[in-house]
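Comments concern the structure below.
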Amino acid sequence: MTPKPNTSNPNVGLPLLSKDSPDIESLLILNPKVQSKANAVPSAVTKKNKHNWKRNEEKGCGASCGESKLKNDFRDIKHTTLSERGALKEAMRCLKCADAPCQKSCPTQLDIKSFITSISNKNYYGAARAILSDNPLGLTCGMICPTSDLCVGSCNLQASEEGAINIGGLQQYACDVFKQMNVRQIVSKEVRENRNASHKEQIALIGCGPASISCASFLARLGYTDITIYEKRAYIGGLSSAEIPQFRLPYDVVDFEIQLARDVGVKIETNRSLCKEDITLDKLKSQGAAAVFIGIGNPEPKIDPLFEGLTIENGFYTSKNYLPAVAAASKPGMCGCKRTPLPTMRGRVVVLGAGDTAMDCATSALRCGASRVTIAFRKGFTGIRAVPEEMEAAKEEKCEFLPFSAPRKINVKDGRIVSIEFNKTEQDDNGKWYEDEEQIVILKCDYVISAFGSTLKEDTVLSALQPCKLNKWGGIEVDSTTQQTSEAWVFAGGDVAGVAETTVESVNDGKTLMDLTFKIQIAAWNMHRYIQAKHGNVLGETPELPKFFTPIDEVDISVDMCGVKFENPFGLASAPPTTSGPMCRRAFEQGWGFILTKTYGLDKDLVTNVSPRIVRGSTSGPLYGPNQGSFMNIELISEKSCEYWLQCIRELKRDHPTKIVVASIMCVYNKEDWIELATKSEAAGADILELNLSCPHGMGEKGMGLACGQSPEIVKEICRWVRACVKIPFFPKMTPNITDVREIARAARDGGASGVTATNTVSSLMHMKADGNAWPAIGNTKRTTYGGMSGSAIRPIAMKAVSSIANELDGFPIMATGGIESAETGLGFLMAGASVLQVCSAVQNQDFTVVEDYCTGLKALLYLSGAESLKEWDGQSPPVEKHQKGKPILLQGQKNMPFFGKFRDEREKLEALKLSESNLLDTDNYHFASRPDTQVARVPTVEDVIEHEVAIIDHDMCINCGKCYMTCNDSGYQAITFDAVTHQPHVTEDDCTGCTLCYSVCPIPECIQMVPRKGPWKAPKRGVKPTVEPGTPKVVKVDQRGRVILESTGGMQ
């Protein structure tokens, strides 16, 4: 008989417990709800409302009317600038292609794939090292290089919907983080120890611009100790300092790169000119210079005869006197001035020219007070010379463009320019351009800036260049394949050599240029060859330039485990990356410290793998390409014979005696088999054995792998068999597919194992298709089995296994594996108790070369951990500064003023007011290189490391997405409100339990922080008052075995 429901309710008349209270309903007003009807809002209302939410500029006439908002605003304008969050997301998107076309399009041949790999692994030092090795001005070029015409233009992701990678922004970010580390450059130990008399030869470089700084840096890395750069100005940096505006290239960046050159012994003398009265080539040679590099650029403007007689007083500038004047007044630290006025630009400005310099002049004029700027040029938009980045910047800042216009006359009244007249230009059927005198345009203006290029024509400079031959244009005659002049001891690069058009190409003229068919050697290498030849040392034509080097690269990351010395703790796991002997050899050649062979057995247990067997994991959602969070495999052990692997071990140990070979072996549960295979492997020369007792699929049917590894008794007995027959260390491989991995590890130790490997893959069923079939599916019958999941998805499981074994068996060696994909994640395993690190899925995601990133990353982490001045850093990540879109916030702490709609307009007005009152030459907000550099008392070794709150939201960084609000509503405690007008979330402290869900889902790192509660802690909302209120734990402790120890206060506090 069915019992009758109890209808008596003691809470009759009270509010429903299963329904939100009115205050919570009010809080939930903006929380998403399932929509049951179609929306219908009049377009007129939407048109009006959208202005309340806009984050971009208004379009149409109203957007450009009124005074410029840019006066005195020299803040970073680059769209490519990234925060750490943006850099990581962009780097993770990169495909890291084979034979990367982006690198082929870079004049300095940066290893772009490698440095982006390092960024995605949070190894910013490794990325900066890769960049600065090929380009000593890597930060400068990251900021101003026209990447759309170079590396970005060749990015394979141009063929995808999401578009090319922001390579320049990533380069800028990595180098900027290294700049903040404040670590000096040094000459490598190898070079220092191999210096000879030739390295004491004098080398002179004229002009302290990009080409000279680059050339001098490479020569210093080659070991030369007497290198001097002569600069005619009182400040250094050449065009980078004088002619590229602060909002594109801050002076502290130039200062940083020059400091790196000085670190390796480059000397710089300012106020030294190339002229008969001071420096000439003949004088330098007579004073002992063995080689000279000329990098003076083109110092004089090309001026149309139309403008002869016009001066600044009339309102006429050239780019060569305008941009330096702007720089002197807006670049803190450049000339040591405390305050210098900007050139006054009240009214209308016309800029003549269509190159990058013209765009810089135009956008600078807006910051000097111009109300309107027009850029006039002879041809149409399709023939414009400026790179797209510069063109778009000028367009966004509301510069006007006047194409097909050639200046014919400037009208002056009362000593001031009042207008400029243009002839329209036309192109005939033969493609020839001409001016149409019948079509005239008159443009009223107050200032004219000529940006028609530059040249070298000053007689005193040309005479100082003798005996070098000049070309028909008056420049230096240079062999473009060697950068050598008519005088064998004189070299030239940059603008003065007539080839380079950009900073990155000037940098390259100081190093080497890759042609499609062969390498062209130029200045630094050829100067090195020339000097060495004088001393009887013949060098090949292929450049061999040393890489960028710092004290970080001297950190020792070797490890001693069980008496075996590992060069570094990174090795390849027994997995697809070690399928064959040649693959193991290539791994050693790339720098891996050790390898494990693919697991092999006796010939009687040979297997044949099925196909398909390794598939993309579903743990990362619809993510295709690299950076998969997991793989699922039903891979079996090696298909190759036992003798094949024994011979490979012999060859590998013979040719790579300092590398460690670990033989991964597997047998059925049979004493004779284990003894035979173990002794053969030891005799072949294996340094260590790994006993595969944990393969989760395919081998259990034969009584191998997991069939043995889940029983402590069987593991212990197998270990005893192996211990009795071999002297080398051996490590049973643990399975995570068990209740307590510590029991198996304890059994292995008791059986005489030297240590354990933790862990193998996690048994899983990854994909189930809509038709009910699993993937992978084998053959026509579509058979499958539970496979092994690997990759970062299993890292928490593997980390727990390593930590629990290390806590249970103090000092017991552990080879860790399972989701190790960077130096940072590897260091985490080492700190949890691992001795060395095995890698598999990360190589499947990329290639063998990731080991270089891991090694440099680990060295940097160890080095920086010893620096007291960087104690606020998290590994290689600097403290998160308040920012929007990667740029610092000028006005902080403005409550109820988000960055959209009318609030944005109000913020811009306040910012303009603050900028108008600010001193542009104040250095307080810039990070200049300082020496001595970051000091480290003691660098830890790898072996050294082997062993209540509420939320607060930072409205300066918040992007108003409401993710915190939604997750707190539907997965938490309804402790966050969300303003309907400002879209600003607010945490109600009394309701916040400190669960950190909001912190976990926030897309902006450190926008939400967990801080100590200000008010007294209140008891949880019990819903219905309990009959007994248990005591609140005062202290929560965990013992070494992971058991919780409670010390109760006996009552509420």
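Placed from the backbone N, Cα and C atoms, the Cβ positions cover glycine too.
According to Swiss-Prot, the domain '4Fe-4S ferredoxin-type 1' annotation covers 84-115, on the basis of sequence analysis. Confidence over the domain '4Fe-4S ferredoxin-type 1' (84-115), given as mean pLDDT on the 0 to 100 scale, stands at 93.
The annotation [4Fe-4S] cluster 1 binding site is assigned in Swiss-Prot to Cys94, Cys97, Cys102, Cys155 on the grounds of similarity to another entry. Every protein chain shown contributes to the tally, and the Cβ of Cys155 ([4Fe-4S] cluster 1 binding site) ends up with 24 other Cβ atoms within 10 Å. Mapped onto three states, the DSSP output places Cys155 ([4Fe-4S] cluster 1 binding site) in coil.
Annotated [4Fe-4S] cluster 2 binding site per Swiss-Prot: Cys106, Cys145, Cys151, Gln171, in sequence order, evidence recorded as similarity to another entry. Secondary structure from DSSP puts Cys145 ([4Fe-4S] cluster 2 binding site) in coil.
For Gly238 (FAD binding site), the same-chain residues 6+ apart in sequence whose C-beta sits under 8 angstroms from its C-beta are Gly207, Cys208, Gly209, Pro210, Ser212, Ile213, Glu231, Gly295, Gly297. Marked as FAD binding site by Swiss-Prot on the basis of similarity to another entry: 207-211, 231-239, Arg248, Leu274, 494-503.
What Swiss-Prot lists as NADP(+) binding site is 354-357, 378-379, Arg385, 451-453, 495-501. Residue environment of Arg385 (NADP(+) binding site) contains 17 other Cβ atoms, counted within 10 Å of its Cβ in all protein chains.
Per Swiss-Prot, the feature FMN binding site maps to Ser574, Lys598, Thr599, Lys733, Gly791, Thr817, Gly818, Gly819, Cys840, Ser841. Secondary structure from DSSP puts Cys840 (FMN binding site) in coil. A simple way to gauge crowding: the CB of Cys840 (FMN binding site) has 25 other CB atoms within 10 angstroms, across all the protein chains here.
In this structure, Asn633 (substrate binding site) is part of a beta strand by DSSP. Summarising the annotation, Swiss-Prot assigns substrate binding site to Asn633, Asn692, Leu693, Ser694, Asn760, Thr761.
Per Swiss-Prot, active site, proton acceptor is recorded for Cys695. Reduced to three states, the DSSP call for Cys695 (active site, proton acceptor) is coil. Around Cys695 (active site, proton acceptor), taking its Cβ as the centre, 25 other Cβ atoms fall within 10 Å, counting all chains.
Under the heading domain '4Fe-4S ferredoxin-type 2', Swiss-Prot lists 949-981. In terms of DSSP helix, strand and coil, the domain '4Fe-4S ferredoxin-type 2' (949-981) has 9 helix, 8 strand, 16 coil.
Less than 8 angstroms from the CB of Cys958 ([4Fe-4S] cluster 3 binding site) sit Pro898, Gln984, Pro985, Ile1004, Cys1007, each of them six or more residues away in the same chain. Here Swiss-Prot flags Cys958, Cys961, Cys964, Cys968 as [4Fe-4S] cluster 3 binding site, drawing on similarity to another entry.
Under the heading domain '4Fe-4S ferredoxin-type 3', Swiss-Prot lists 983-1013, citing sequence analysis as support. For the domain '4Fe-4S ferredoxin-type 3' (983-1013), the list of distant contacts is 83-85, 880, 896, 898, 900, 948-955, 957-965, 967-968, 971-977, 1020: same-chain residues at least six beyond its ends, Cβ to Cβ under 8 Å.
What Swiss-Prot records for Cys992, Cys995, Cys998, Cys1002 is [4Fe-4S] cluster 4 binding site. Cys992 ([4Fe-4S] cluster 4 binding site) has a Cβ environment of 20 other Cβ atoms inside 10 Å.
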For Ala234 (FAD binding site), what is the secondary structure state per DSSP, taken as helix, strand or coil?
coil
By DSSP, how many residues in the domain '4Fe-4S ferredoxin-type 1' (84-115) are helix, how many strand, and how many coil?
18 helix, 0 strand, 14 coil
Validating a neighbour-count step here. Other CB atoms within 10 A of the CB of Thr599 (FMN binding site): how many?
25
Under 8 Å Cβ-Cβ from Cys97 ([4Fe-4S] cluster 1 binding site), six or more apart in the same chain: what's there?
Lys113, Asn156
Anything within 10 Å of Gly818 (FMN binding site)? Look among the binding-site residues Cys151, Gly494, Ala497, Asn633, Cys961, Cys1002, comparing CA atoms, and list what you find.
none
Helix-strand-coil residue split for the domain '4Fe-4S ferredoxin-type 3' (983-1013), DSSP-based:
5 helix, 8 strand, 18 coil
Cβ-based isolation winner (fewest other Cβ atoms within 10 Å) among the binding-site residues Cys145, Cys151, Ala497, Cys995:
Cys995
Cβ-centroid neighbours of [4Fe-4S] cluster 1 site Cys94, Cys97, Cys102, Cys155, 8 Å, sequence order:
Leu95, Lys96, Ala100, Pro101, Ile112, Lys113, Ile116, Cys151, Ser154, Asn156, Leu157, Ala164, Ile165, Ile167
Round to the nearest Å and give the CA-to-CA distance linking Cys992 ([4Fe-4S] cluster 4 binding site) with Cys968 ([4Fe-4S] cluster 3 binding site).
9
